[in-house]
């Protein structure tokens, strides 16, 4: 396959070798974890190359050896334009990788607000649980990613499972308290998150907070209950 001249300089040497094999990656075998040129273009933020490869018939949802799709990569690295291009070409917004994570998990984990909005507008599952039972809200709460949390809590509250439990029965509020994400905890409490839910260790969210901030969390809970 011959690339248009304007795209050649943008590709890494690895990707040019891959593209030389084929747009679908046939002939590459298991080289570089099973990724095809579209994965590399998405990773490098090369929108023109992404468009070109798709025009040439590159499979939009091809997964690598760990089931990462180009859309997951674009969401993780934070390229909203490429996310939009891939979705416009039919990328599955709810595809899951080897650990059960979707593109929205990565947007939530890395505080990619614009990308989260794009994914949700295209029917991404806001409550998708990975193999550890973590939802995108678990990821955002544990990281203290306030922008993402506000999108979830303010714009998708009718779909959101606020008290979803992971594999050890922690809710997003458990994780926010454990990680000392006070603003995240406040948002969750004000949205109605339960402060009484017990995890598998029989601990509620306040129990998970370090001793020095437990009273602060209690005051936030009281303020939400008795404004």
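Quick reminder: no glycine exception, Cβ is built from N, Cα and C everywhere.
Here's what TrEMBL has on this protein:
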REPEAT    33-65  repeat 'ANK'
REPEAT    66-98  repeat 'ANK'
REPEAT    99-131  repeat 'ANK'
REPEAT    132-154  repeat 'ANK'
REPEAT    168-200  repeat 'ANK'
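Applying DSSP to the repeat 'ANK' (132-154) sorts its residues as follows: 17 helix, 0 strand, 6 coil.
Same-chain residues lying 6+ beyond the ends of the repeat 'ANK' (168-200) with a Cβ under 8 Å from its Cβ atoms: 133, 135, 137-138, 140-146, 149-150, 153, 157, 162, 206, 208-210, 213, 216-217, 220-221, 224. Outside the repeat 'ANK' (132-154), and at least 6 residues removed from its termini, the chain residues within Cβ reach (under 8 Å) are 99-100, 102, 104-105, 107-113, 116-117, 120, 126, 160-162, 164-168, 170-173, 175-176, 178-179, 181, 183-185, 187-188, 191. Averaged across the repeat 'ANK' (99-131), the predicted model reaches a pLDDT of 98.
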